[in-house]
Structures are given as structure tokens and as C-alpha cells.
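**Q** Quick one: the structure is below, questions incoming.
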Amino acid sequence: GGWRKRWMNSECKPDLGKFKLAAGKFYGDPVRDKGLQTSENSKFYAISSRFKPFSNKGKTLVIQYTVKHEQKIDCGGGYVKIFPSNLDQKNLSGDSHYYIMFGPDICGSETKKVHVILNYKNKPHPIKKPIRCKVDGYTHLYTLIIRPDQTYEVKIDNEMVASGNLEDDLDFLPPRKINDPTVRKPADWDDRIQIDDPNDIKPEDWDEPEYIMDTSAEKPEDWDDAVNGEWRYPMVKNPLYRGAWKPRQIDNPNYRGVWPHPQIDNPNYSPDFSIYSYENISVIGLDIWQVRAGTIFDNFLITDDEVYAEDFGDETWGETKGPEKEMNIKQTEEEQERERVTEEKYFEQRFKKKLERKKGSGKARAVRNTAEKEEL
């Protein structure tokens, strides 16, 4: 197919997983829903597609695609990466320098998130907000929008799930304000929430040793003082030992709260209004690890038009999501029906065998009885 001309497999490792073109077990449309599907378990995957280099300076950048974890993924990536034009596609790997990483990542019960990682001054900066991804087996539409005013938006299935300002939600720049280093907390500022109760006095019978002599022990008969030294009673834990005494805690009547450290403008901060912009955006790639394969990637779109992207999502994913679900439900019902029929047949056969065994043993009894009569 034509996709093999557009997509280049990495050769950075000899045993990378292979992609195939497939719509999967269930789909909305057998042709339109064909996408790149991971086909081998417990493999790294690396594949990429090149386009004419462009810069998003002064423009909105929209990255959008669909991902379908048909295999109900247990651990594996579903994200894409955007690369500069100098990417060596044949050696694409996790070490390849990328501009943007975006999309779902699932592993166990802990990780179920959407990555948004932007490269700034050669360092990856992940978003600080947790964004939850979809974990079912259906196709979902993921959209990242980055605008020249340095705001961003993440949409799943054409609905906004996160938005904000790049500078606030990713640690690109040093903070605008810092604590004034010339000001110290006053010595008499009391910020202890609780204090020892001055009226709580240690009980007189509190102090007991941790270990005591076990006077019930007897010296072994074969004990030799010359060899083993003088025999002593062994030490055992004292059941009356209560540990170190501590007074109980009460609320501090002089508590003044957290001391507000005066802030000043950070001399190391200078605004940067080009955080969002990249030169020579030229490759989109999948660089992922999957334990259980079967994920399908499709409908890749990179554009500067948010409205077009939304419409494109509605015309692709939007039109096939309903039929896809229906087909899956029908398949599940048919599968359950097949299992039920198989089970019924199995029990029917067991029942028949039981009957035959009963008949057989009845015949044997009749024969035995006749033989006994004849002997008489």
C-alpha cells in the first residue's frame, strides 16, 4: 500500500515491532477505519512520516489524530511526537530530539494520562496538570492546540479536557516572583501549630527499664564456668516498659500562622513570547513501547485551523464511532451466544454418556442374574 511509501520504519534496533494496516476486529467502516496497527507484543515501535518543513510562528498549531486501544491496553504508549526536519528517520528512537510529544499513555492502574511535553531550549517540559486519557477499547480523537498568545488546549473526542497558559502550566521559565532574600522571619514569630501541654506531667510509675532479668531461668547442667564464663540470668523484654514519655500535644495559643515571606521580582526572570513557536516542523512519528499490541493510529492531522480540525474530527471519527460501538456490542453478544451453545453441547454430551453408562450397567446386572439362576 501507499502508506509504506509515506511511513519509514526505524532501524535503530533489529527487533522493533511491526506495524500493519488494519481496521481491527470491529470498526465503523472497513476501509475508512484502516490505520497503523501495532502487531507484536512486548516490543518497541518506531515509525515516522515526513512532510514539507514549516514554522508555526505567529500561527496556531493543531496536532490531531485518533487512537484505538482495541486490545484494552494494559501497558503501552499511544502518543505521537513531532520532530524537526533534521531527524534521522532510519535511527528514530527514544533518544531522538523532538519538539512536541502528545497523547495517551497507559500502564497498570497508576498511569492513565495524556502527555503534553514541549521542548524548550533543548529540554523537555511536561505539563504540570494531570489529564486523564480514555481507557476503553474504542477509537478516540486527541487534539492539542497551541496558540501564538501562548495558550493551549487539549481536547478528547472534540471536547475540551484541559486548557491554560503555557508559561503557567509548564516550567519553561524561572518564576516571576521570588522570596526576598534580604528579609528574615522575625525571631518571635511562632509558627508551631501544636505544642507540648505544660500541665501534662509524667506519671511517677512511668520509668521502667526496657529489659529485665529473667529470674525464672535456670543454669544449664552442662554449663562450664571455665569455658563459658560465669552464668548470668538472661535478659528479656519488660512487659511494663512504656517507652520514652512524651507530653500530650495541645493547640499552640500563640500560633501566628505561616510567616508570609515578602516577594520581589525575580531578577533571573525575563518573559519569552516565543515559547510556543518552532522552526522546521517536518516529521510526525510514533516512538512507543507496548506490552499487549493491537493499538490503531489513524486520521493524523497537522493544521493551523482549529475549526477545520474540529470538522475533520467530526467527519472521520465522528461518523464511525457509533457504528464501531454497535459492531463491537453485536460481536460480544454473538461471542457470548457461541459460548453458551458450546457449553450446552458439552453438558448434553456428558448427560448422554451418563445415561449410556447407566443402561450399560443395567444390562450387565440382568446378564449376571440369569447366569446365577442357571447355576442353581
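Backbone N, Cα and C atoms are what each Cβ position is placed from, and that goes for glycine too.
Grabbed the feature section from TrEMBL, which reads as follows:
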type: BINDING; residues: Tyr79, Lys81, Tyr98, Asp105, Asp287; note: alpha-D-glucoside binding site
type: COMPBIAS; residues: 321-343; note: compositional bias 'Basic and acidic residues'
type: COMPBIAS; residues: 356-366; note: compositional bias 'Basic residues'
type: DISULFID; residues: Cys75-Cys107; note: disulfide bond
type: REGION; residues: 314-343; note: region 'Disordered'
type: REGION; residues: 356-376; note: region 'Disordered'
**Q** Max Cα-Cα distance in Å among Tyr79, Lys81, Tyr98, Asp105, Asp287, the residues listed as binding alpha-D-glucoside?
**A** 17
**Q** How far is it from Cys107 (disulfide bond) to Tyr79 (alpha-D-glucoside binding site), counting Cα to Cα, in Å?
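**A** Cys107 (disulfide bond) and Tyr79 (alpha-D-glucoside binding site) have their Cα atoms 13 Å apart.
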**Q** Sequence gap of 6 or more, C-beta under 8 Å: which same-chain residues meet both conditions with respect to Tyr98 (alpha-D-glucoside binding site)?
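**A** Same-chain residues close to Tyr98 (alpha-D-glucoside binding site) (Cβ under 8 Å, separated by 6 or more) are Lys81, Ile82, Phe83, Asn119, Pro124, Gly285, Asp287.
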**Q** Between Asp105 (alpha-D-glucoside binding site) and Cys75 (disulfide bond), how many Å separate their Cα atoms?
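**A** Per the Cα atoms, Asp105 (alpha-D-glucoside binding site) and Cys75 (disulfide bond) stand 8 Å apart.
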**Q** For the compositional bias 'Basic and acidic residues' (321-343), give me same-chain residues lying six or more residues beyond its boundaries with a C-beta closer than 8 angstroms to one of its C-beta atoms, as numbers and ranges.
**A** 25-29, 33, 137-139, 157
**Q** In the same chain, outside Tyr79, Lys81, Tyr98, Asp105, Asp287, whose C-beta lies within 8 angstroms of the Cβ mean position for the alpha-D-glucoside site?
**A** Gly77, Val80, Met101, Phe102, Gly103, His115, Ile117, Gly285, Leu286, Ile288
**Q** Please report the number of other Cβ atoms within 10 Å of the Cβ of Cys107 (disulfide bond).
**A** 15
**Q** Are there any residues at least 6 positions away along the chain from Cys75 (disulfide bond) with a Cβ closer than 8 Å to its Cβ? List them or say none.
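**A** Result: Ile106, Cys107, Gly108, Gln290, Val291, Arg292.
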**Q** Comparing the binding-site residues Asp105, Asp287, which residue's C-beta has the most other C-beta atoms within 10 angstroms in this structure?
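**A** Within the set of binding-site residues, the most crowded position is Asp287.
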**Q** Relative to the Cβ position of Tyr79 (alpha-D-glucoside binding site), how many further Cβ atoms are located within 10 Å?
**A** 23
**Q** Ten-angstrom check, please: count other Cβ atoms within 10 Å of the Cβ of Lys81 (alpha-D-glucoside binding site), all chains counted.
**A** 28
